[in-house]
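If you look up Swiss-Prot, you'll see 16, 18, 37, 40 marked as Zn(2+) binding site.
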């Protein structure tokens, strides 16, 4: 490898909304804020998280629902 062309790695902390703190190496050099991590992601925990998108679906059906019917 050529000397002097590679970025420097710094240890940063990635803070999750669940409170989990992860130390990682990064070239960005700033701390990160995560929405989900391995400790709280539904795939890894085995729990379902309900996302309320009913308002969007109702709004879409109200606008375009009659177009598909004959």
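Each Cβ is built from the backbone N, Cα and C atoms, and glycine gets one as well.
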Shell list (Zn(2+); ref centroid = CB of 16, 18, 37, 40; cutoff 8 A): 17, 19, 20, 34, 36, 38, 39, 41
Spatial neighbours of residue 37 (Zn(2+) binding site) that are distant in sequence (at least 6 apart) but have CB under 8 A: 14, 16, 18, 20, 22
Least buried by Cβ count (within 10 Å) of the binding-site residues 16, 18: 18
